[in-house]
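Here's what Swiss-Prot has on this protein:
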ACT_SITE  94  active site, proton acceptor
ACT_SITE  341  active site, S-methylcysteine intermediate
BINDING   114, 118, 121  [4Fe-4S] cluster binding site
BINDING   167, 168, 199, 221, 222, 223, 298  S-adenosyl-L-methionine binding site
DISULFID  107-341  disulfide bond
DOMAIN    100-335  domain 'Radical SAM core'
């Protein structure tokens, strides 16, 4: 039987304000309940002791706080954690926590599978089912915070969030933005925009919308310096080629000298890792406040690609540094538990939907004037 009660985990502060107004309550109740849910990790309304008994009873009748279910938890030798979480419909997604010094980063998924089918990514190859609900996105942060607890000083262990897990976040725009509103809200998780990063393959119109409503840090899954090569690696490039993508990046950081776009570049042996590729990348990014993360390819079953060797990656990085682009090589973390970049796969029950849904997505996206 379907539960008709409202899942409060789907609502940010504005949504909760509206919910309590409908109950005849003052909007300040939203702030109280946000603290209980997201700061004290309480899901039982009867335990919310600063609410009067009558309101607690009405909440029990009309609302619920429903979370994903932890199926498995793995811990890597390097301290990386990976959770397999069951969502509604018996599909599963993966969430990863990466500790490093005084920084702890949670990598969050936004879809069950991924609709974009990038050729080098395990998520894209395992199918697509649906977008995650707000409760399923913010629920990953809720569960990880509750599981990991706080450090000896009482500080939260999770200091940063990256929307870089399974799925294309901007293809689930409204739910992702609502979840990020909760991440940034001082009555919920209180993260600075500098500590929340969204990674996109390049959904240009949605990038402009994001800048207008929730301008967190932007990362772009670039992976190639030319349209010809990027068409092969990232099929969305056929819709939004590099000139459009880079123009959107410039608009995103315009007027704010504190901002730069991070470009992710997976290093594929013999495909995109030569010095001519590095020089083409320098030309492409010229004049744009940019950082480049070089990502050693993480193999998965059935992949045709190989990881560039360390010497090749070093030469590529040095070429970019000489050209004035801040460049780092991302340290591979959690590969012994398949938690490294590009390895997340989860479990999708219906793998037949990706082609249909991808075609529908492409058909409704505004077309770039430069796309052929």
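If you go along the chain as it appears here, the first residue is 1 and each next one adds 1.
Placed from the backbone N, Cα and C atoms, the Cβ positions cover glycine too.
Sequence-distant neighbours of residue 222 (S-adenosyl-L-methionine binding site): residues of the same chain at least 6 apart with a C-beta under 8 Å from its C-beta are 230, 263, 264, 265, 281. Remark: of the recorded positions 107, 114, 118, 121, the most isolated position is 118 (fewest other Cβ atoms within 10 Å of its Cβ). Proximity note: of the listed binding-site residues (114, 118, 221, 223), none has a CA within 10 Å of the CA of the residue listed as 'active site, proton acceptor'. Once the Cα atoms of 167, 168, 199, 221, 222, 223, 298, the listed binders of S-adenosyl-L-methionine, are compared pairwise, the greatest separation found is 19 Å.
Taking the recorded positions 94, 168 in turn, the residue surrounded by the fewest other Cβ atoms inside 10 Å of its Cβ turns out to be 94. Note on residue 298 (S-adenosyl-L-methionine binding site): other Cβ atoms within 10 Å of its Cβ, all shown chains, come to 23. For the binding-site residues given as 199, 221, the lowest number of other CB atoms within 10 Å of the residue's CB is seen at 199. If you check the recorded positions 107, 114, 121 against residue 168 (S-adenosyl-L-methionine binding site), the ones with a Cα inside 10 Å of its Cα are 114.
DSSP classifies residue 168 (S-adenosyl-L-methionine binding site) as coil under the three-state reduction.
Taken together, the residues of the domain 'Radical SAM core' (100-335) have an average pLDDT of 94.
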